[in-house]
Amino acid sequence: MVSDRRLLKKFGKIADRIIALEPQMRQLKDEDFLLKTQEFKQMLENGKSLDDILIEVYAVAREAARRVLGLNAYKVQLIGGIILNSGDIAEMRTGEGKTLTGIFPAYLNALTQKGVHIVTVNEYLSRRDSEINGKVFDLLGISVGLNGSSLSKAEKREAYSKDITYTTNAELGFDYLRDNMVSDYSLKVQRKLNYCIIDEADSVLIDEARTPLIISGGTSTRINLYKAANNFALSLKEHDDLDIDLESKQVYLNEQGMKKANEFFSLKNLFAIENTEIFHLIMNALKAQFAFKEGVEYTVRDNEILLIDQFTGRIMHGRSYSDGLQQALQAKENVDIEEETVTLATITYQNFYRLYSKIAGMTGTAKTEEEEFIKIYNTRVIQTPTNKPVIRKDEPDLTFGSKNAALKKLVEDVKETHQKGAPILIGTTSVESSEQIARYLKKANLKFETINAKNHDREAEIVAKAGEIGAITLATNMAGRGTDIKLAKGVSELGGLRVFGVERNEARRIDNQLRGRSGRQGDPGLSRFYISMDDDLMMRFTAPKTRQRFKALGDDYIKSKMFTRAVTNAQKKLEGMNFDQRKNVLDYDNILAQQREIIYAQRDDILEANDLSIVIEKMQITAAYELIEKHSTLVHGEKTINKKELLEVIDGVLVPKNKFRIDDFNNKEKMDLAVEIAEAMMQLYKARISDIPEDVVIGMERKIILDAFDKYWTKHLDIAGKLKSGIYLQQYAQNNPLAIYVEQATDLFNKMKINIANDVVENLSNVILKVVEDEEKREERIEVTDKDIEEILLETGLETSDINNKAINKRFDELEEKFKDDKQKLKRLRIQRDVMLGLVLELERRAEMIVSPENDQLAITQLIKELQNDIDIASITVEQIHQNFNNMVEKINDPEKLKHLVIAKDVLLQLVARMDDIKEQEKQTKKKKKKKPHDDETTKVKIG
């Protein structure tokens, strides 16, 4: 591997050539920048590579940044930009201008028109950087999008469609997972993952790599079981019933603990397969009680468990532990136990970022983790030189016997420094430690600002003011990372910013990040750590005797470079353990990643396909083979097909009726028979869908297949997660847990594919039958307009006077005989016949509603009025009705009026058939009218 020195020498020469173009770039007019961008794009289309055009592109971007921001990039910033384009991590000290550095590779790679993602650790930084750098990109003619958690899908799609998109790491990963859950390809928001630049790369790619991104859905809750597991954990004694590994923070039941578990839950064997769920609950309860601390890993607020980012101290809103650990913590803290979630989609940051064609990153400290960057991400860490020499003084640690002694000395030093006016930044490792220090500072009447998981809203504002005279800022870990602490006027003369770290962090780079807040751009400064034997790191990595000797110091301390080196070595050991843990997570996730890629790729194929017959055909073969296996029995050590049983299951249901006889199953290999059955399945399936519109079929097929994929992939994730949580027990049987996991996870994946195929074949069969049935019903109740009736009458030659069952059936019988060989015409005629017969039924129904024993005569009067003719009620005849009706039809062009007349005519014909009754009723009506005029509105008939 090429050394940093040689690379920096090479990149330095390139940077010099970029700077040499400055006079030429100064001649550009503002409108020339867009023309330059178009010219660069054309060069790439003509076959030039990014490296071929890098020097001129960076020179143009440098001039654009100078004009817009008033900042002329230093040589070291150009070197950083070259490192980023090469797909590596640029380690740049605090204050060296990482935001400006990112402009150059972003612009260069945006010219490919494939998209560039600039990733930050929070939305404040994304918004800030997109607003600042967006002005430069606007001059260059490059579009910029800002992604955020509050955006709609349409807004996200718009943001990702831009040349450059600013986004947070979490939102980027969740968008990827959500994109692979959509039911329509057009609903995706991201393009193909091309190139990303990750700000604070160590935080994103290492610190957060241990926590996978998970999208969860609700499932049934088990409140009583969680409470029982919590009560059991409370009944255990730390040394008698448990083995606790402080170094790795793992908790295990020892032999006595296992015995207690069996007694508590009335079990014979905790490790029996049927007790997997109980075992899982117990392990979560043990973690919650003995490995997780309130104020360190989580905090409780408003009856809710909120996760704390271990490396920034920020609350991770919207995040929760999976696999029941969140519920175990809720039981421990006696808050409401939420519904347990099931994982719908998951990915680790490690595997997500490896999906990009090229990744790069910037950070202040990453060299200590270079091995991990190379092994996992295939990226080097190259340290860029500072623009000015670092003159900050890094003092040896002050080591105390107790936390109280350390904090008393801290307060003394803060008081002394504060009296001189120099600003102070106090860094802590947890919210708990932050609150403890705050109490000491308040007791000493020192005014200070605090940033931790419980108070982070004003984070950037507080950090920005931390360099003012007399400022005291208390910050959890690397809160405010990404915001420079600029020294106020006169602070340099006071010795610059003092950084006091309370307790060493798990990783050296986090300590280095804290130190690096002081001494930016050649400013003076000082850093010092106050550590004690009560610190987590010391408890885990020092012997009890050593801790006891330090306790004897009382309030005194040791300031020794040798002991500082010993602490650094302990950190190295812990870094190695954490790397192993992350590598272990990755080893297991790699199996899931391969399976995820297969599922997501197949899902995309299904979303984009216009014809899914090949997919269905393969699934039918799988389903057919499984049916054969299911209906086979073991005879003399061999599985023999139960032919009769198999035939009964498939005949007329999955394959055409009488397609197979029992003899057809003789002397055939199972796979050959499965292919034959699958072909018959497809034959029946195609016959059933032949009359359904093609777009309806493809939509239905796509939905059924995607639903099956999502249903069984979710189940697979759940089972694989539970498998992984207990796989470590295999080591007690002298087995390799990872090898066993690979074997079992692969078997689970194959079973999942079989379940998907079975589900799709069964559901397609059921749904198609329902669609055909619904289609038939739909045709029966088809909505018909007046225009439809006119067209049918015209096409069939029926007269309006022929709207009765006999005439309609006679005419359509003639037409069906005539067109008996035309399948499409016959189908149309059958629909038309049903429409006309349905019309007759409707007319009869309306006639029954109109005609009643009490108002027949008034109905006739109203209907005659409807026909607009004077007819003597007493002598009305069928012939008169037809004659008047036909006369009226010739005069009317309005379909609605024609409809009214058809109904009126039909009603009159029915009434005439009962003429004798009507005449008798007329006499009765006249008698009634003498007594009282009939004014009942219900007797007035409104036709239509």
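Any Cβ shown, glycine's included, is placed from N, Cα and C.
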Problem - Listed in Swiss-Prot for the ATP site shared with Q77, G95, E96, G97, K98, T99, one of D397, D413, D484 - result: D484
Completion exercise
Sparsest Cβ environment (other Cβ within 10 Å) among binding-site residues E96, D484 belongs to D484
Practice task
Around the recorded ATP site, report the further residues of that chain (criterion: Cβ within 8 Å of the mean position of the Cβ atoms of Q77, G95, E96, G97, K98, T99, D484; site residues excluded), sequence-ordered.
Solution key: M92, T94, L100, T101
Fill in the blank from the handout: Pairwise CA distances across Q77, G95, E96, G97, K98, T99, D484 (listed as binding ATP) top out, in Å, at 16
Completion exercise
CB neighbours within 10 A of K98 (ATP binding site), counting all protein chains shown, number 25
Completion exercise
For T99 (ATP binding site), the same-chain residues 6+ apart in sequence with C-beta under 8 angstroms from its C-beta are D129, I132, N133, D199
Problem - CB within-chain contacts under 8 A for G95 (ATP binding site), separation at least 6 - result: D484, R520, Q521, D523
Fill in the blank from the handout: Counting Cβ atoms within 10 Å of each Cβ, the densest environment among the binding-site residues Q77, G97 belongs to Q77
